[in-house]
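To start, the structure itself, in structure tokens.
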Amino acid sequence: MASFRPSDHIDSEPAPAELPKLGAVGFARFLWRQLTSMRTALVLLLLLALAAVPGSLVPQRSSDPNGVLQYQARDPEGFRILDSLGIFSTFSSPWFSAIYLLLFISLIGCVIPRSKHHFDALRARPPKTPARLSRLVGYTSVENPVDAETAVVTARKVLKGQGYRVERYGDSVSAERGYLRETGNLVFHTALIGVLAGVAIGGGFGYNGQRLLIEGEPFANVLADYDSFYPGPWVDSDTALEPFGLRLDAFDSAYEFDQNAGTWHPTDFEATMGVRERGGEWRAESLKVNSPLEVGGTQVYLLANGYAPVVTVRDPDGEVVFQQAVPFLATDGNLTSGGVIKVPDGLSDQVGMRGFFYPDAIALDSGALTSFSPNITENAVLTLLVYRGDLGLADGSGANVYSLDTENMEEIAGREDALALRIGDTVDLPDGMGTISLDGVANYVGLDIHHDPAQAWVLGFALTAVGGLLTSLFIPRRRMWIKVLPDGRIEYAGLARGEDPGLAAAVADLARAHTDALRAPRTTNIG
Amino acid sequence: MTTETLAAWSLVGVYSAAAVYLGAFVLFLLDLAKRSSTAPAPAQAEVAATAGTTAVLIEAPPAPPTASTRPGRNARIGFALTALGWAVHVLAIVLRGVAAERVPWANMFEFALTGTGIIVGVFLFANLWKDLRFLGTFVTGLAVLLLVLATRNLYVDVIPLPPALDSAWLVIHVLVAILGTGFFALGAGLSITQLLQQRREAGRLARVSFLTRVPGSTTLETLAYRVNVIGFVLWTFTLMFGAIWAERAWGRYWGWDTKEVWTFVIWVVFAGYIHARATRGWRGTPSAVLAIIGFAAVLFNFTVVNVFFTGLHAYSGL
């Protein structure tokens, strides 16, 4: 029975112990049979589960690159060992890949012969009635109240009515149903291959990139306009990016004050984006946290937001040497934000400033400032520590716009005499270097821009897999036999193929339905 | 009533439910003790217990109710108390939802509150299908433990939904995950009983005689399988709905976030369980152990991963 299954499937007859024949072909066959056996598939599944665990224990380069750097700083020796094992990129490591690739090869090796066999089975007749039904499930034997021919014909009718495919063998009827169970099983496994292929294609031809966009600033979907960009290995950055432009027109946030905890909870973020596709006009679209913006086949996500103080620096003659909205990164829930202002040219020396921005500043007892709420109020304050010297732009050490390397700089305004500006204020820079003004505060959003050409395919295959799974788990595949004996008895029995806990009850129901049909007063001669 | 009052009443409900469950737990324990003390009769007939080679593993036909298999007074009162506790529990969940003006599963406390309710609910309704009252101790014990731990360690006041959770998928994805957890819990209870029963049938554990009053290990295995398969389907939906939501909220459908890793691990373990049930030599103990490991991973995923692992599923509210 069921020879198409792996030999160690519980529905298969135990295979005779077979030693590999000598020779390459025999050995390859042996290996292939091992690989496609249920036991191997099972062990590979369990290995896959086990192999995924380290990926949750240590930070991963793919999902938490900063965590990886912190780990390295904290434990360089351990990092070296774990990194040589690929633990920091578990899910693209050779050993993880080896497991799931072997699993899928095993799966393909299992699905192909089964599909072929199932295709044949779909067109085959139900098998011959076994000689002795008494060994099978739900065996029932009753007195035949009518003649043999009527009993057999009625048996056919009843079984057909219950959705069985039937075949008469002499005075017995053999029936089988639930072919969909195997179909579902094959569809499920095949669709999993589709999911894997979709993931691979999406990863290869997709890309994602990040951009911090300040109000009013235009963004074009070209490589140069990204802050960071992660293309798949087969992405051609010149042609893969769909041509469109984005602009942040307005940003609204809503917070609710929690009386008990004394904290503000965000309830809504909404960015009003200007979007322009090739040849089109700017149009306004709403972008929210759980509702990305679709532009062609590219999605734009709202992942962060914050404040960018707009500052103007003038030299002692009043000439503007720097005028820009500088994005500050939030350091707490009330959007107290930190940032760096770098003025490389125009003043007597290079100037760097480390700033804190408090949207709703209040002074603590210690004199330190904090922000009472995340909303911009008239109390908004920007404080600045000022350094002069070498920003390190020439050797690249000062390239990061969010950090200031003060090694080659001299502090000219420290914690004691930090500059403090409210919106609209202008104050002198130390050493008579000029002035700085806080003209206003702009919003910015952190955008994630994704393109995955295979995403819809992955979803389609996943849905197909679920359909197959439901079918394969909940449709029983069973064989039933009704045998009319010459001694005036009728026998009923069934055989499960796969899990079928309801079989015994189904045989009992069948026997009842059949005998009821035999005893029912007949108005027409069904013989 | 204000949010605070409703939340306070909800909490009263939680404590009351836990107290009633505790009473039920004691009665179920007494019932097990009583099952032990009455004369041990053979467990229900195991049809196919020897069916290792023919693939025909079916559950025993329902045995005629006899004096020895009918649950005693304690089990019946324990079951009634569980139902009463559950009614109070559901009320507490509803009050919490009304207080928060949203679904009551947006942080760890609420997830534990609703999740425990679903576990007990699955147990209660499963009893309409099969008499599983011998699991009463396991289920009510688990419920009391989880409710006490949740209120003592995870309690947070009602706070508005952060924008990241403000989505219809919160309703669907999390509800399906909780339902799956409920079925896995019941499945684990059955698998644990199955393992004990197997030991007893093999001649060990002869002194744990309450097992003579629960179904045989093959029946337990079949029951566990049916319950776990439903859990597996729900978990499949959890994973898929989670992926769809992740695509909407985080811009990728799968990113190996710690929670995603564990959801995947659990899915694979139960996939392994289903395969083990179809592999010669892996039925019985190995597959039962897999089911128990799977449920342990579910609990681990909810507790340790939420609290101690960093990841995007930072919704504990702690």
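Cβ coordinates are placed from backbone N, Cα and C, and glycine is handled just like the others.
Under the heading domain 'Cytochrome c assembly protein', TrEMBL lists B:119-313.
What TrEMBL records for B:6-30 (among others) is transmembrane segment.
Residues annotated as transmembrane segment in TrEMBL: B:77-99 (among others). Cβ atoms under 8 Å from those of the transmembrane segment (B:77-99) belong to residues 3-4, 6-7, 9-14, 16-21, 23-28, 30-31, 71, 110, 113-114, 116-117, 120-121, 123-124, 127, 133, 136, 139-140, 143, 158 of the same chain, restricted to positions at least 6 beyond its ends.
Feature annotation from TrEMBL assigns transmembrane segment to B:105-125 (among others).
The transmembrane segment feature in TrEMBL is assigned to B:132-150 (among others).
Annotation comment: TrEMBL describes B:170-190 (among others) as transmembrane segment.
Beyond the transmembrane segment (B:223-246), the same-chain residues lying 6 or more positions past its ends with a Cβ under 8 Å from any Cβ of the stretch are 59, 126, 130, 132, 167, 169-170, 172-173, 176-177, 179-184, 186-187, 190-191, 194, 215, 252-255, 257, 260, 263-264, 266-267, 270-271, 273-274, 277, 287-288, 291, 294. Residues or ranges marked as transmembrane segment in TrEMBL: B:223-246 (among others).
Outside the transmembrane segment (B:261-276) by six or more residues, the chain places 184, 228-229, 231-232, 235-236, 238-239, 242, 282-283, 286-287, 290-291, 293-294, 297-298, 300-301, 305 with a CB less than 8 A from a CB of the stretch. Feature annotation from TrEMBL assigns transmembrane segment to B:261-276 (among others).
Sequence-distant contacts of the transmembrane segment (B:288-309) (same chain, six or more residues past either end, CB-CB distance under 8 Å): 108, 111-112, 115, 180-181, 184-185, 187-188, 191-192, 194-195, 198, 221, 224, 228, 258-259, 262-263, 265-266, 269-270, 272-273, 276, 315-316, 318. Residues or ranges marked as transmembrane segment in TrEMBL: B:288-309 (among others).
Proximity of distant same-chain residues to the transmembrane segment (B:6-30), defined by a Cβ-Cβ separation under 8 Å and at least 6 residues beyond the stretch ends, is recorded for 74-75, 77-79, 81-82, 84-86, 88-89, 91-93, 95-96, 98-100, 113, 120, 133, 136-137, 140-141, 143-144, 147-148, 150-151, 155, 157-158. Sequence-distant neighbours of the transmembrane segment (B:132-150) (same chain, 6+ residues past either end, Cβ-Cβ under 8 Å): 14, 17-18, 21-22, 24-25, 27-29, 31-32, 35, 71, 75, 78-79, 82, 85, 108-109, 112-113, 115-116, 119-120, 123, 126, 185-186, 189-190, 192-193, 210, 213-214, 223.
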